[in-house]
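As recorded in Swiss-Prot, the features of this protein are as follows:
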| type | residues | note |
| --- | --- | --- |
| BINDING | H525, C530, C535, C538 | Zn(2+) 1 binding site |
| BINDING | C645, C648, C700, C703 | Zn(2+) 2 binding site |
| BINDING | D900, E902, D1009, D1062 | divalent metal cation binding site |
| REGION | 318-463 | region 'Linker' |
| REPEAT | 67-105 | repeat 'WD 2' |
| REPEAT | 106-144 | repeat 'WD 3' |
| REPEAT | 145-184 | repeat 'WD 4' |
Amino acid sequence: MDSRDWTQLGCVAYPSPIHPDYHAGPASTIAFDNQDELLWIGTQKGFAGSFIGRELKRFTAFRIHPETDGPLRQFLFVDKGVIFLGSRSVYMAARSGVPIWSIRHESMQDLRAMSFTSKGTSEILVAGWQNKMLVIDVNKGEVVKELPTQDQYSFLKMSRYICAATNKGTVNILDPITFTIKKQWQAHGAFINDLDTSNDFIVTCGGSHRQTHNTPAILDPYVKVFDLKNMSAMNPVPFAPLAAHVRMHPRMLTTAIVVNQAGQIHVTDLLNPSNSQVCYTQPQGVVLHFDVSRTGEGKALADNKHNTYVWGSPNKIQFTEIGIPPRLPDPPQPSLLPPDPDMLEELPLSRIGLPYYREQLFSALPPDIISDVGAPPQQIDPNILSTLTKTDWGYIGPNKTGLQRNQYMDTRSTMKTSNTIRAPKFLSEKARESQTGSEDNTLATNETAMMTPNNDHWSLRPEAPPEYRICEIKYSKFGVDDFDFGFFNNTPYPGLENNITNSYANSLLQVMHYTPLLRNMALQHAATACLADPCLLCELGYVFDMLQKGEGPSCHATNMLRALNHTSNASVSGVLEDIAKDKNPSTLVKNLTMFLFDKISQDYKGTPPISTELERTLFKLNQPPNPLDLVKRLLETDARYQIKCMHCQHVSPRTATTFVNKLCYPAAKPNIRGMKAQRITFSQVLKAGLENEAVNKGYCTKCQRYQNLDQRKIIFNIPAVLALCTEITTAEHRKLWSTPGWLPEEIGIIVDQGHVYCYEGDDLKLHLNRGIHNITVYSLVGTVVNVETKSPQKSHLVATVNVGRAEPESKDQDRWHLFNDFSVRGISKVEALTFNAAWKMPVVVMFQVKAANHRFNMDWKTRLDTSVLFRDNNPHALKTYELLDRETEIPGPDTVIAIDTEFIRLKEREIHIDEDGKSKTIRPISHAIARASVVRGQGSREGVAFIDDYIHIKETIVDYLTEWSGITPTDLDPINSQRNLVSPKTAYKKLWVLVNLGCKFLGHGLSQDFRVINIQVPRNQVIDTSIIFMKPPSQRKISLAFLAWYLLKEDIQQNTHDSIEDAQTALKLYRKYEEFMANGSFHDVLEALYKKGKTLNFKPPRISTGAAKDAGFGAVHRVGTPPVPAPGTTEGSFEISNSSTATTGGSALSATGGMGSASASSSMPSTPVRKPIGLGGPFTVAGVVKPSPATSLDNFGAGAVGTGITTAAATMGGGYGGYGTDGAYWGGPNDMAPTSMIGGSAFIPAKFPPGPPETRGFIPYRPQVLLAEREAAAAAAAAAAAAAANNDVGGRGGVACGNGGAGGEQGKQE
C-alpha cells in the first residue's frame, strides 16, 4: 500500500452555507457506503446527504429526525438501504431517500452507537449514554428486546464479538448472542475518541488526564491494540502527533490507518510499527471525523469548517468492490411550450377554461387508425449490406427489398405474429385436466407433428421454420419445474435450457459433448483431485456427465456459465454476452470456441488425467504420455510461421501454435466468356485456412523499414480434434455453403514436409485404396449454426450433431439430431448438411479423427479421486460435522446419505412488458447454493454430518433469504466467517464424487436441490421422502415440517431452516417408512396423514398454539447447528438404550456428562436434534445432583456415571454433570429434577444453573413442559426427598433416569 501517490481528489462543503444546518455546526458523522459508490455525511440537526464517487457529486439529501433530537450519530448499510442512528430514534431508508421504517421508543434517551449482531444484517444492537441497550429486527423494523446495562457506550463494532467502547475509556467485549460482557480492558484514562476492529484486532484512540482528574484530558500519543483471538492486550503503537482517529485497512489485516487532528495520516503495520508510511493532508480546520472505504482505496476526512475531503490515488480509486455508481434520476424534460407570464405556479388548472366545440375533436381517433409512433426502425438485412458500395456520404446499391423509396415497413406486425412452435400447457394444467377428465387435445396434433419424422427439407425454405426458431420457456406460479420440456424432446438426448446468461454457448457445448475425445478429456480431468476454481475443463466434465446421466428432456449448464464469468480474460475476449461489444451470436460463439480450447488446454496441462489408455491406444504410445504431449496431439495445430520479406528475401521464423483454425476462401475471379468457372471445394478452403498464406505490410528487421511480407504457415502436426471457424463474411461465401453436399462428412489430411494436403469424396477413397501416403481420416461430428431471422426477432444458435459418433459401434452410424437449446429432434443427414444463404449458416465445424469414433475410456469411474471427501478444507472453522474415516467409511453403491441445502438469491426475475401492458418472465429468479449438508445414513454414526459446507459466492447477492435459509452475510464473508467456507467448485466436487460412487441420496424435495446445485443424480440413486409420503391421486407433496410434526412428533424449522437438521429429519422419516412397510401399516398411516393434513391445511401447529396443546405435543427446538465434540471426547454425548434395566425393566436414558451434543446407540445422530417432550407415560424423578466440593463450575460436568438412590415413590439416577442444554442441571442434595418419559426418549430438569446458558459456549435448547406434568413430578419428588436427605447423592458424571434405570439401580446398591 503506497501512500506516496495519494492526493486530494474531491472536496465538498456539507452542510453548505445555504443549508439550514450550516450555523448549527460541522458534519456530525461520515461513512463510506459498502455497496454503492457513495460517501454519506450527517449533520448536527438530523439531515443526511450522500455524494457520488471521487468528485463527490450530490446524490441525495433528506431529513432523518427533527432538529430537536440533535445530531445524526452513525450509519449502517444493508442490502435494502441505510440505517441512521439519532439520539432518540432509529431510521431506515433506501439509498434514494424513500423511507422504509422509523422507530422511536421510550427507552431511547441518548443513543450513541449501533452494531450488527450474530444474526448478520437482519438484527442490530443500539446503545448509548443510557442504562438500556435495545435489539432491533431490521426486517420487521421493531424493537425485539431490551437489555439493562451498567456501562454507557460511545462506539459499537462487530467482529468476532461486539466490541464496545464506554465513555470512561474502557473496552468491553460483548457476546453477540447474549450481549453479556466476556472481557474488559482499560484502554484510555479518560475517554475513547475512536475505535475499529478487524477479524482479530481492536484498535482505539483516546485521551487521558495528564496530572489529576481536574485537568482537561488530552489525546494519548499512541494507539492501543488488543488481540481478540487470544483475548489479550498487545503493545501499543506509538503515534507522537497524538492519535485522534483510527481505522483498520479492510484488505490488509494487520495494517491500521491513524490520523491526528491536523490531518497527518500514518499507515502502520501493527506487528511492525516501525514500518509506516506518512501522508500530509491540508484540511482547513481540525479533523473531526475519518473513514476508509471498503476497498481501502478511498479515505475521507471531515473538519470543523464544514468541509469533507476525499484522498486517494488518482490512478486507482473506487469505494466498493464492484465500483458501480448509483443510478441517477432522469433529468427533467424541457417544456415544449413558451413560458406564459399569466401561468402562475399557484394558479389551479381548473381556472383555465376550454373553448366550446360542436365538431368531433381531432384526438378522438377511430379504432381503425393505427398510430405507430415510437415503433423501432427496421434493421437492415445483412445480405443487403454485403452488396452495397461505400461512398463518401454513405452506401449505395441495388434495391432488392421490393419497397419503394422512403416507404416504411410495419415493424410491429412481425412482433404480433410469431412463426414458432406453440407452447404446451403447463404440467399442472395437464394434471388438473387428467383428474377432471376434461383434457384438451388441441395440442396433441401439434405435439404429434413435432415429434413425427418429416422428410421435408426445412433448410430449403425461404425463412427459418419453427423448429429452428428460438424456443422460450414459459413460467407459471410453480416456476420452471411446471414447464413441459418433454413436449420439445422425446429423444434420449437431453437438451440445455436457455434461461441463463451466456446460454448462447449451449450449441457449442452439445457439439463438444458428442465429440468422444473432448468428452473423454474432460471426464478424465474432472475425476482427478483438481480443485482449481474456476477450472473450465472440470466444469465441462460436469456438464458432459450431466448430459450422459440425463434421464429427463433437459439439463442446464448454470455452473459452467457462471465459472465462465469468473475466468481470467473472459471479459476482454468477447465471450460474455452482457458486456461484449459485438453481441452477434456468431461472433460470440466463435470467440468462445477459441477461448475454451485455449483454457482447457491449460487446465489439462496443469493436472495429469486419471487415465490415458484411450490416447495411448489411439496414438500408439508405449509409455504414459506427458500431458503437454497429449495436448499437442489432441488440440494443438503444431506449426511455425515463415515470414519472408518481398524486397530483400530475408526469412524469419515465428511459432504459430493454434487450437482453432479459420477457413480461408480464395479470392473471387472474374468470369471469362466461354470458360467454365472452377469449382471450389471444402478441402481447398480448409488447406488455405491451415496454411494461411498471405501478403501483409510489416516491418523487416533487415531492411529496417516497412515492406510487403509474405507470411506462410509450415504445418508439423494436425490435432485429433479439428475445430474450424467458417469465417463467412460475403455473399460468395454464403453461396458456397448453400451448394448441396458442399460440406463433406469425411476428409483426409496428409502432412508432409511442412505442407498440408486435404482430400474429400472420390479423391479420399482413391488415396485410401492406394495406401501410399500416411493419410489421417477425419469424421464430421457436428456444426454450430447461426439461424438468422428478420427484425425484430433475434438471431440465435442451434447445433446439428451426429450423435452416432459418440455411441457404441452400431450399423446405423448416421444419427443426426437438431439441438435447439432444450428442443431436440432427429433429422436426416441431408437436412443436417444443407445450408441456406438466407437464414442458415454454420459458424463452427467440428471434425475428429475417425479412429476415435465410438471410443470411450470409463476408467475414470473406477479410479475416481475421492480425497476431497476426507480433506478438511478449513480446520479452524466451527465444527458441525465429522469427516469420513478413510478406513471404515468408504462410500459406495450401498451407501445411503441424507442431504439438504440452503440457497441465496443472486438475481431477481427479469420481466418484459409488451406494448399492450401484458408482462411475461424472461428469466426467472436466480438462486445459488449457499450451504450443503450431508449426513451419514447408516452405521454406528448414523445421522452425523460429514459435510457441512458454506459456499463462498463471488457474484453479487441480492437476498440472503435469512428467514428461510438461516444464512447471514457473515457466514459467507471469507474474512469474518467462522463457518467451513469453501469454493463452489469444492462443494460441488464432493457431491459429484458421491454421485459417481453410486451413493443413494436421501432427502425431501430433492429435485429443487439438484436443480440449484446443477447436478444430475440417476433416479435409482434418489430417495425422496416428499414422494414416498405422497398419495398418488392427490399429487400433493407434504412439507417436511408437517411430516416431522405428525410422524416424528417433532417441531422443526421454528426460527429458521437448518440443513443438517432437515437432512436428519428426512433420514428419520425414511426409517419410519421402513418401519411402516415392515409391519404393513404404511397405507393406513398415509390415509390418516392426509386426513389430518386437510384439517390443518397441511401446516404444523406450533407449540404455542392451542392446537398443539390439544394434540398433546411438546418439542425442544434450537436456533442453529451446534458444534460436534472434538474426537476422542465424551462431552455432551447421550446414550439411549432400549434394553430393560433394574427393577421394572423400563427404558433408560443416560448422560455421560459434558456440554452440548448427543450420540445414540440406536441410530441417533451425534449432532443434537429436537426431542419430543410431554407425550405422556410414566413419570420418573431424575437423580439429585450436586458438584463435588473440589469441583469448580468451569470444569463441572466431565466425570463418570454418578450414584443414585431409588425409593418406592420414584427412581433417582446419578448426578447430571454440567449443562449440555439449557435444560442441563446442577444443584444440591435436596434439588429434584422431574422428568416426563416415554420410551426413555427425553428428560426435563427442574431448575437451571445461574446465568444464561449461552455463556457456556453452546447453542441452547428451549424445553417446554406441561404444567400438570411439573406438578405431578414435584409431588413425587417430595416423597422421595425424605429418603434421600441423608444420602450424598449425585456426582459429576451424568444422569440416568427411567423405570428401573441403571443409575437408579446403582444408587440403590450404594
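Counting begins at 1 with the first residue displayed.
Quick reminder: no glycine exception, Cβ is built from N, Cα and C everywhere.
Annotated features taken from Swiss-Prot, shown on the structure.
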{"residue": "H525", "record": "Zn(2+) 1 binding site", "contacts (Cβ under 8 Å, 6+ apart)": "L537, C538, G541, D603, Y604, T607, P609, I610"}
{"residue": "C530", "record": "Zn(2+) 1 binding site", "contacts (Cβ under 8 Å, 6+ apart)": "C538, D603, G606, T607"}
{"residue": "C535", "record": "Zn(2+) 1 binding site", "contacts (Cβ under 8 Å, 6+ apart)": "A563, D603, K985"}
{"residue": "C645", "record": "Zn(2+) 2 binding site", "contacts (Cβ under 8 Å, 6+ apart)": "V651, C700, K702, C703, Q707, N708, L709, D710"}
{"residue": "C648", "record": "Zn(2+) 2 binding site", "contacts (Cβ under 8 Å, 6+ apart)": "C700, K702, C703, Q707"}
{"residue": "D900", "record": "divalent metal cation binding site", "contacts (Cβ under 8 Å, 6+ apart)": "S933, G1003, H1004, D1009, S1059, I1060, D1062, A1063, A1066"}
{"residue": "E902", "record": "divalent metal cation binding site", "contacts (Cβ under 8 Å, 6+ apart)": "I929, A930, R931, L961, S965, G966, I967, H1057, S1059"}
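Listed binding-site residues: C538, C703; maximum Cβ neighbour count within 10 Å falls on C538. Listed in sequence order, the residues I899, T901, R931, A932, S933, G1003, H1004, H1057, S1059, A1063 complete the 8 Å Cβ shell around the divalent metal cation site centroid, once D900, E902, D1009, D1062 themselves are left out. Counting every protein chain shown, the number of other Cβ atoms lying within 10 Å of the Cβ of D1009 (divalent metal cation binding site) is 23. One way to see the shell of the Zn(2+) 1 site is to take the Cβ centroid of H525, C530, C535, C538; the remaining same-chain residues with a Cβ within 8 Å of it are A526, T528, A532, L537, E539, G541, D603, T607. The residues near the Zn(2+) 2 site, meaning same-chain residues not in C645, C648, C700, C703 whose C-beta sits within 8 angstroms of the mean position of the site's C-beta atoms, are M646, H647, Q649, H650, T701, K702, R705, Q707, in sequence order. Per-residue pLDDT, averaged over the region 'Linker' (318-463), rounds to 66. All chains included, 25 other C-beta atoms sit within 10 angstroms of the C-beta of D1062 (divalent metal cation binding site). Helix, strand and coil content of the repeat 'WD 2' (67-105), in residues and according to DSSP, is 3 helix, 19 strand, 17 coil. Following the DSSP three-state reduction, the secondary structure of C700 (Zn(2+) 2 binding site) is strand. Sorting the repeat 'WD 3' (106-144) by DSSP state (H, G, I as helix; E, B as strand; all else coil) yields 0 helix, 25 strand, 14 coil. Note: the repeat 'WD 4' (145-184) comprises 0 helix, 24 strand, 16 coil (DSSP; helix = H, G, I, strand = E, B). With a 10 A radius on its CB, C700 (Zn(2+) 2 binding site) counts 19 other CB atoms from all the protein chains.
Taken residue by residue with DSSP, D1062 (divalent metal cation binding site) is part of a helix.
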